[in-house]
Amino acid sequence: MDSIVTTEDTIAAIASAISIGKGGVAIIRVSGKDSINSCKKIVQTKSKYAWESHRVFHGFILENKQNKFIDEVLILVMKSPNSFTGEDVVELHCHGGIILVNKVLQRLLSSNSRVRLANPGEFSQRAFLNGKIDLTQAESINQLINASNTRSAELAFSGVQGKIKKKINDIKNDLINQLCEIEARVDFEEDFTDFDYNKYLKNIKKVKEKIELLIENAKRNSYIHNGISIALIGKTNVGKSSLLNLLAKKEKAIVTNIPGTTRDVIEVNLTINDIPMKIIDTAGIRETHEQIESIGIKKSFRKIKESDFIIYIYSLEEGFNKEDKKIIQEIPKEKLITILGNKKDLIDCKNINSNELKNTILMSIKNNDGERLLIDTIIKKCGLKQVENINIFLNERHLTNLSSCLSNLNDTDVIIKNKLPFDLLSIELRDGIQNLSKITGQELTEELLDNIFSKFCIGK
């Protein structure tokens, strides 16, 4: 076991969610070498199990020395090193009113000058520093707390279990094996004439494929956790607001036959197939001299740039014309896009030009004909059709370090193909390994660690 990092001060905070100001139970967590003694000063108990490790016992919180009680509580003690933080930890399980639990917390803080309010994420930071969890597990705990849907929670929990660390360490070990062979030759100045370049390139290719798969999944599982922002784009009166109302299952936008009714952006947050989606209704795009409508149209183009996915809607009655083509040309080529032909109930689909049908969803928004096909198309194009195959959540920090490692490995290819000195190969492999180590927290500065944990909630 890693040695336990001790600090002079003991920290305390409310660890349970009481955002509405009341609940059945609230938990105050205390961690540090003075946690038990500090709690002893404010707790009165007759339990025979009092202050034993991993025992729950009953007691009262004393307001003062005159034996006036604040609350009746359950107390859980977890002695070092067998606790979340690796330090002595005490949990006070109080009644859940915010006024009451804050009073208990203030009583605790005033009992000992070495007990202070915890900083955001400080319990998890101490757990990390004491080797109880790695950085990906700490981040996954925060991700789990902030999960917006069940699939996001499942992915976060896999990180809590250490699955991210395992995948990263497997890749790192592959690179360490390659580095050992290279450095043995460099250190002993052996001749590289018998070095199997093809075998090396083959092994590195396998490692790169593993990293590329993780990067690909990282982009997809961002949709699962953060959601997909979907902009409804098109000319006036093609059915954008009607589609928003259909997906929302309620009237969120005003629908009329008057062109230019929608003049501002309307956003609705939904969960479809357990994936959060933000549907954005925009002003219809057309030439206009009306000032307010023009502002709305500018916002439409802004939303095109900001959104993950574009649904371009046109009227099958009018057909896909030059104006539609001109608008689509304004959409960045890297954007995911689906073209939707609306009002199929008003035309004979057999008469539609076959080129117009290519990669187009035909729909009658008014009659709710084609909604399932549209949703399936969005999920497929976002790479979420086999969402069950994505089994870990990688955040932007992980993605950055994986991309840096991949760049290091691509540089080793260049070194070998151009027959550059082998010590350069060793440097790139070491840098690649270092980038992977940053993911699990082995190669990070104190400042960066503080920044990561500052984004956690106070009681975690």
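Note: Cβ is positioned from N, Cα and C throughout, glycine not excepted.
Feature annotation from Swiss-Prot assigns (6S)-5-formyl-5,6,7,8-tetrahydrofolate binding site to R29, E91, K132, K460; the stated evidence is sequence analysis. Here R29 ((6S)-5-formyl-5,6,7,8-tetrahydrofolate binding site) comes close to A12, A13, I14, A15, V89, V90, E91, A118, F123, G459: these same-chain residues lie at least six apart in sequence, with C-beta atoms under 8 angstroms from its C-beta.
The feature domain 'TrmE-type G' is assigned by Swiss-Prot to 227-383.
Annotation source Swiss-Prot lists GTP binding site at 237-242, 256-262, 281-284.
According to Swiss-Prot, the feature K(+) binding site maps to N237, T256, I258, T261.
For S241 (Mg(2+) binding site), the number of other Cβ atoms no farther than 10 Å from its own Cβ, over all displayed protein chains, is 23. Taken from Swiss-Prot, the feature Mg(2+) binding site covers S241, T262.
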Fill in: Cβ neighbours of A283 (GTP binding site) where a neighbour is any other Cβ within 10 Å
27
Worksheet item: Do you know the mean pLDDT across the domain 'TrmE-type G' (227-383)?
Response: 81
Practice prompt. Go through K132, K240, K460, our binding-site residues, and report the one whose Cβ sees the most other Cβ atoms within 10 Å.
Written response: K240
Discussion item. Can you give me the Cα-Cα distance between A283 (GTP binding site) and S241 (Mg(2+) binding site) in Å, rounded to a whole number?
Written reply: 9
Worksheet entry | Rounded inter-Cα distance in Å - K132 ((6S)-5-formyl-5,6,7,8-tetrahydrofolate binding site), S241 (Mg(2+) binding site) | 52
Fill in: Packing count at E91 ((6S)-5-formyl-5,6,7,8-tetrahydrofolate binding site) (other Cβ atoms within 10 Å of its Cβ)
23
Response to the item:
R29, E91, K132, K460 bind (6S)-5-formyl-5,6,7,8-tetrahydrofolate per the record; greatest CA separation between any two, in Å, is 18
